[in-house]
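Database features (TrEMBL):
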BINDING   Lys3, Lys4, Glu5, Ala6, Arg7, Arg134, Val135, Gly136, Tyr137, Gly138, Lys139, Gly140, Tyr141, Tyr142  ATP binding site
BINDING   Glu55  substrate binding site
Amino acid sequence: MLKKEARKIYNKKREGISYADKLKWDDLILINFQTIEMPFLQTVFSFYPMEERNEINAFLITDYLHFRNLSLQICYPKMDIKEPNMEAVACKADTVFEANALNILEPLEAEIINPEDIDLVLAPMLVCDVQGNRVGYGKGYYDRYLNRCNPSCIKVGLSYFEPVGKIEDADEFDVALDFCITPQKAYVF
Ligand SMILES: Nc1nc2c(c(=O)[nH]1)N(C=O)[C@@H](CNc1ccc(C(=O)N[C@@H](CCC(=O)O)C(=O)O)cc1)CN2
Ligand SMILES: Nc1ncnc2c1ncn2[C@@H]1O[C@H](COP(=O)(O)OP(=O)(O)OP(=O)(O)O)[C@@H](O)[C@H]1O
């Protein structure tokens, strides 16, 4: 399958998920995330889910990680749409989020964290393939960002859908995931 085809199919599938299924599947993703062995984490880069696109509720996972380590630093993306580029910004409980031009909520705060200091990335995505190649919205934000992270950074994709057969047009910029968590299973690549 090609990324473009996967994007079309899975954008549509995700739009069709009922609210009841979404709540159930978000919980199952948390349960499956809890089965993977995690080292001590200091800094996590998550994302602010876009409700209108039915993105996964990553807050359930960051709440769980925060509960395990009360001094966990949680970062959210701040985009430079023109570049395109994004940075991880450290957030606190009182951080104010504001919608950007793409209607993604971003922190007003500006403490940019060095990508090399990120221990784990929770990556939004539509679907991945059996080798952990991720398919997002097609702007390459995460490919660019993950290439700046330490090789030891743990890359976890969250998806409502099981991996597809090989994505044929994965290129040299694509950084494969270490895990993909779905409502059915935690895939290890
Ligand atoms: N919640 C969340 N935050 C995120 C991401 C994400 O996937 N989810 N990103 C993950 O990379 C980055 C933003 N990437 C994005 C890339 C494209 C579009 C988008 O709306 N694309 C349109 C097409 C626009 C065009 O072609 O001009 C579309 O998909 O319909 C949105 C976000 C950073 N923050
Ligand atoms: N480091 C990079 N430098 C230059 N171009 C890049 C880089 N990383 C990715 N790209 C290009 O960006 C484009 C989009 O990449 P891709 O289709 O993998 O996006 P995606 O992972 O689905 O999107 P996103 O990360 O925004 O969710 C591709 O043409 C890819 O070659």
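The backbone N, Cα and C atoms fix where each Cβ goes, and this holds for glycine too.
Structure coloured by features recorded in TrEMBL.
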residue	record	DSSP class
Lys3	ATP binding site	helix
Glu55	substrate binding site	coil
Val135	ATP binding site	strand
Tyr141	ATP binding site	helix
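The separation of the residue listed as 'substrate binding site' from Tyr137 (ATP binding site), Cα to Cα, is 12 Å. Listed in sequence order, the binding-site residues among Glu55, Tyr137, Tyr141 whose CB lies under 6 angstroms from an atom of ligand 2 come out as Tyr137, Tyr141. The binding-site residues examined here are Tyr137, Tyr141; by Cβ neighbour count within 10 Å, the least packed of them is Tyr137. Neighbour counts of Cβ atoms within 10 Å were taken for the binding-site residues Glu5, Glu55; the minimum is at Glu5. Cα-Cα distance from Tyr141 (ATP binding site) to the residue listed as 'substrate binding site': 16 Å (rounded to the nearest whole number). When the Cα atoms are compared, Val135 (ATP binding site) and the residue listed as 'substrate binding site' turn out to be 14 Å apart. For the pair formed by Arg7 (ATP binding site) and Glu55 (substrate binding site), distance between Cα atoms is given as 14 Å, rounded to the nearest Å. Looking only at other Cβ atoms within 10 Å, the busiest spot among the binding-site residues Lys3, Arg7, Lys139 turns out to be Lys3. Taking a Cβ cut-off of under 6 Å from any atom of ligand 1, the binding-site residues Glu55, Val135, Tyr137 reduce to Glu55, Tyr137. Taking CA atoms as the reference points, Glu55 (substrate binding site) and Lys139 (ATP binding site) are 17 Å apart.
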